[in-house]
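Positions annotated as domain 'Roadblock/LAMTOR2' by TrEMBL: 5-93.
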Amino acid sequence: MSAEVEEMLKRFQNVKNIIGIVVADYDGIPIKTTLENVQSVHLACHMHLLTEKARQVILDLDATNEFVSMRMRTSYFEIILMPSDNYFIVVLQNPSD
């Protein structure tokens, strides 16, 4: 894993509302995580599918555009999804009002 990812993980861990971070490969397998293993695998699997769908939708809408990030808010969490070339990062945090 690159030093860039390690630095990003350190930076995110210092934010007070962050619950956990998962770095996963494009097979949906967690590479590095701050969450429990079962939760990491579950989150990585679903975010992998969402990443693929989001990329396809964006390409269908505009072939010159690319998927850079996505932020979703639920009743319990805020999920930030950031794809890269070889992996994607999922940040799970408490929504701040």
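Quick reminder: no glycine exception, Cβ is built from N, Cα and C everywhere.
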>> Using DSSP, what is the helix/strand/coil residue split across the domain 'Roadblock/LAMTOR2' (5-93)?
In response: 34 helix, 29 strand, 26 coil
> the domain 'Roadblock/LAMTOR2' (5-93): mean pLDDT?
Replying inline: 89
